[in-house]
Amino acid sequence: MASPRSAATGGLGFRGNVAKQGSTQSNNTRAGAAAAAAAAAAGVLENSSNVSSSNNIPVHPHARRGGRYMNLSRDDSSMGGGDSEMGSEFLYTVHIPATPDHQPMMSATPSSGTTTDTDLRALPPPSTDSGNKNLERRLSLLKTQPNNNNNNNQSSDFDSARWLYQTKGTYGYGNALWPKSDGYTGPTDTSIPPAVGAQPDFVDKARRPLSRKISVSAGILSPYRLLVLIRLVVLVLFLTWRISHPNTDAVWLWGMSVVCEVWFGFSWILDQFPKLCPINRSTDLQVLKEKFEMPTPENPSGRSDLPGIDVFVSTADPEKEPPITTANTILSILAAEYPLEKLCCYLSDDGGALLTFEALAEAASFARVWVPFCRKHLIEPRNPETYFLLRRDPTKNKVRHDFVKDRRQVKREYDEFKVRINGLPEAIRRRSDAYNAHEEILAKRTQLETGIDGSDVPKVPKATWMADGTHWPGMWIQSAKEHSRGDHAGIIQVMLSPPTSEPLMGSSDDGNIIDTTDIDIRLPMLVYMSREKRPGYDHNKKAGAMNALVRTSAIMSNGPFMLNLDCDHYIFNSNALREAMCFFMDRGGDRICYVQFPQRFEGVDPNDRYANHNTVFFDVNMRALDGLQGPVYVGTGCVFRRMALYGFDPPRARDHGGCWSFCCCCCSREKSKMKTLKMSQRGSEVASLAGGMSDEDEDVEAVMLPKRYGSSVIFAASIPVADYQGRPLADKGVHNGRPAGALTVPREPLDASLVAEAINVISCFYEDKTEWGSRVGWIYGSVTEDVVTGYRMHNRGWRSIYCVTKRDAFRGTAPINLTDRLHQVLRWATGSVEIFFSRNNAMLASTRMKFLQRVAYLNVGIYPFTSIFLLVYCFLPALSLFTGQFIVQTLNLSFLIYLLIISVCLFGLAVLEVKWSGITLIDWWRNEQFWVIGGTSAHLAAVFQGLLKVTAGVEISFTLTSKSGGEDEDDLYADLYIIKWSSLFVPPLTIMLTNGIAIVVAVVRTIYSSNPEWSKLVGGVFFSLWVLMHLYPFAKGLMGRGGRTPTIIYVWSGLLAVIISLLWVYLSPSSNSQSQGVSGGFQFP
């Protein structure tokens, strides 16, 4: 029977075919001819004109295949079977592959004819002809007359292992194996078509995605959504039951509690529904490198084809934002892993302080040592202060033998750098005093030379002097006209010039601090900017400074993407910028307006007493918003698309009309027409700026352009360039793409005219009668300009991305003492109130914003108002204990079941949020506690401040949050115990004292009562303890350290608590007192 290891691919099998020999010469000849024809058709045998009648078996040479043929009998080959066509007298010709052990032992030629390339090709897969039983068994057999001599001589040399595993077959063509140009294929081989060509690149790197969306496991998300639905249904049933079962003994108490509970239910819906679609994302940095920074036919030099990025760092007060902190942030940016010629760093000093200016100059000098050291030894993180304070082995994963030596040298340089920074204030003061004294002497000398009375003291301004002996054009230490905080000239200084396009390798000269051989020592461009400020102009705080940075960078570098950082937020992951580019340069990346990174903080106490990490917001809410239209913009750690900040609509914007889109087909058609019209308008706007417009349109655009962006022609010309450079690479399925290699050309040099134009666009009058702050750039009119700016982009149809990296992208500092923390929350909440009463209210959003995205933005504007109901609800337990009443008539089974189900669902949702977000239950509980603390203090004050601004026009001013450390340098958490007087402390402390007094009064009254009502006591005490548990971190913070809490806080809070308690006892005495005839005065219905 046939061998089970058949030659399905044409490579395993016997050479030859079955042919029966006749008894006569003519029959033998005809049979041989037929066998030869059959073999030729199968691509196995050579064409032969005659078959000899002798017993010798013809052996056909196979020059390309090598090896030899051997004759085996059925018995020798152990393949006997019940084949009716083959008896024991037949022999089999077997082809042994060419190996060192099996070389051809005889030279035989066919009886006639010659061997061709076609005859020597490999055996293709045999056909499955039903008429041939041997071919069905995938064996190629040749019938010959027995020849005992040859059989005995060759059968003993057969090696079955080599025959099985070293036979070469025909595999066709594909990505597993591609035939070579000089291979064994031929024109008559039907398994491989002729001229298949050279092997293509099966791994198409250009089409591999740069980013990937990872859905949350259905095993977590489905129960999560189910619990949300269950809690919603139970909440509706509970509120219905509460409304239908009033407490007739205390209607006022029942009414207040029901109103508060209805609002809490509404607020929970606004907060919970946008969390229904959480997602995660991942990036592939290797694909980004292969696609944009490796040699390709379009980019043979292998230069980086990535777009440029301009990094903005903002500071305003060197006293509250120490220069050493700002300098470390700058150093981490300069050392980032991004093409040097594509990276530019801008520092905005809104205070115009010489201290910040000279600190930046010192940082630029130290960067020439720090940046090459980071590149040479792959240092992480690249903030020197953080790196040298790491409590771990610095030599881990370091392989260069000179690392320890280099680290020691750089550490010494950094210590000297810090000493110089710390000594700058005194150095500037002494220098200024010396120059001012010299100026006074010169003034007196001039006065004497001119004959003026020497008794008059000449008036010499107390100027602040630079190191080169010139006046500082910014703010002076002693304020003077045109040199004060709100009145000084605009300043732009290029600290580090733009690098060359070609790498500049270092050397091992003795003058270098470290050996920089084979290390690129170029540095990115570094620019200092302080915008002009004059009295009578509204400078719009941080938003105005950011818009000045946008215009300055457009003139000087014009990177199509911009990263903004606070001065205390540094780059912790040197690949963070590449992570963002994976989203912008991927398919559909042209519709992304910004990539927001989570904020991570250092220096927070281990217990995170005041929820400074804010993990619930950054790891739960923001991940959930990423599954909708994108996260909100939170002020720092965000990479923007320049065109989105310029007020342009996104390409291929879509309307999300929801149920309204199904109401009327005509309406849908009109929306489609409007969308097409807006798309064409956007294209025409960009084309007009690029110069592709008619003469008539040029006149219109010449009038509209100054009204939109200002009078700078260079700025207007930079807009289409930024639009083109920010596009992803053109490819199949990519819309609005650019050709590969378009961004490999060197950047134009920075000349004096560009610097002069950059100074012009930061003047205080440049924005007059333009759309800056209303549609273009950061939006004005709110202390939370970040949220409003992100809202405007989403409202135009842009998408945003939330990028959570394995290694934190950025890290910063957070205020850890209670006073600063509450003032920070107050500023955020006040901005939310301003948003609610402005045209940025989500209820007025366009149809391009998704419904759940609107709900999320609506919650941003509404959440401060929850403080009013929360304050009332926190006093209700105390009032219940004072009066002996409760929010329900009796603690019946229905009330307890509803309460239990709602609480269990809430806890279940918390557990599942922990599962899909990666936070802990402690983080969740800390967030709940601070929600009550902030809601009864900062949020409440924000509501009143916002109402005053809207109704009376009272402007709200906030001071910067201090980034400096505490007095005790040996304690990292010294700031935690700093307590400063603030009126925000009074409401929560009053709540605590009132509830504490109420518990004592209720317990005493119940114990000595003739008819104690223990159920109402238990209910009131439980809810009072619930309030006190949430306010425990606040109470612990007030204790401070060593009695530092101001006494006035306790005085005012205690006085208010006593007044409220006595007033309520007087207004609503207990029923026992009423029965004894004690008059209670006013009675609630």
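Heads up, the Cβ atoms here are built off N, Cα and C, so glycines get one too.
Per TrEMBL, the feature compositional bias 'Low complexity' maps to 47-56.
Here TrEMBL flags 106-117 as compositional bias 'Polar residues'.
According to TrEMBL, the feature region 'Disordered' maps to 1-26 (among others).
The feature region 'Disordered' is assigned by TrEMBL to 47-86 (among others).
What TrEMBL records for 99-133 (among others) is region 'Disordered'.
Look at TrEMBL and you will find 856-879 (among others) tagged as transmembrane segment. Non-local neighbours of the transmembrane segment (856-879) in the same chain are 253, 256-257, 259-260, 263-264, 267, 270-271, 274, 621, 625, 628, 632, 787, 791, 794, 829-830, 832-833, 835-836, 841-843, 845, 849, 887, 932, 935-936, 939-940, 942-943, 946, 987, 991, 994-995, 997-998, 1020-1021, 1023-1024, 1026-1027, 1060-1061, 1064; each lies 6+ residues outside the stretch with a CB under 8 Å from one of its CB atoms.
The annotation transmembrane segment is assigned in TrEMBL to 891-912 (among others). Sequence-remote contacts of a segment are chain residues at least 6 beyond its ends whose Cβ falls under 8 Å from one of its Cβ atoms, and for the transmembrane segment (891-912) they are 220, 223-224, 227-228, 230-231, 234-235, 237-238, 241, 272, 921, 924, 1015-1016, 1018-1019.
Marked as transmembrane segment by TrEMBL: 984-1008 (among others). With a threshold of 8 Å between CB atoms, the same-chain residues lying at least 6 positions outside the transmembrane segment (984-1008) that come near it are 818, 822-823, 826, 871, 874-875, 877-882, 884, 933, 936-938, 940-941, 1014, 1017, 1020-1021, 1024-1025, 1027-1028, 1031, 1034-1035, 1038, 1049-1050, 1052-1054, 1056-1058, 1060-1061, 1070.
Outside the transmembrane segment (1014-1035), and at least 6 residues removed from its termini, the chain residues within Cβ reach (under 8 Å) are 609-610, 818, 874, 876-878, 880-881, 884-888, 890-891, 926, 928-933, 936, 988-989, 991-992, 995-996, 998-999, 1002-1003, 1006. Taken from TrEMBL, the feature transmembrane segment applies to 1014-1035 (among others).
Taken from TrEMBL, the feature transmembrane segment applies to 1047-1067 (among others).
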